[in-house]
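Have a look at the structure below, then the notes.
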């Protein structure tokens, strides 16, 4: 991996960590998870903007330096958040697996200097919906659980780029990471669908929900 990319990643890890500590200090009454999701939302916005600029300039992300910036920013965030998850009181194994797959996948792509366009595109597709996924947790902690606004936030959005990567002449590790990311995304997609089904069912039959026949599904 190029030395300037390593410097970008190191600066990114330090920056995300400092931003998290600043948010924790500014919002002392909010939970660890709430503050962590604020940083995640900030990363998603930065990543989407950088990826969009990369597309608009017409650069192949495996060539000029600036076009590699979206991947470096996301890699630094995943490394920061991996350790951030370990510091939380409740360690989310699925998030750790997701981050580990993402870290290895991006490092492999940068090391092989291949499929940069596909990786940036996949990142854009994944991160563009992240703020909406976090919105439901923000609303929950702010006291808007079980409201129409919360239900709207549950309606969240990757398979094309995975198919392209799997059918192209790329190293096995790159294909494995692409498939892993797709499977993790599918897992969360069906988990959200199940949550929405239970919420709609409980709205149609409040008594059943109160009796525990339609228990709410906890999604971290």
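Every residue gets a Cβ built from N, Cα and C, even glycine.
In TrEMBL, annotation is done automatically, which means it is predicted and not curated.
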Segment assigned the feature transmembrane segment in TrEMBL (from 96-114, 115-133): 96-114
Stated TrEMBL location of transmembrane segment, expressed as one of 172-193, 194-215: 172-193
The transmembrane segment (6-23) in contact with the transmembrane segment (96-114), cutoff 8 A, at least 3 CB pairs, sep 6+: no
Model confidence over the domain 'TLC' (29-201), averaged pLDDT: 76
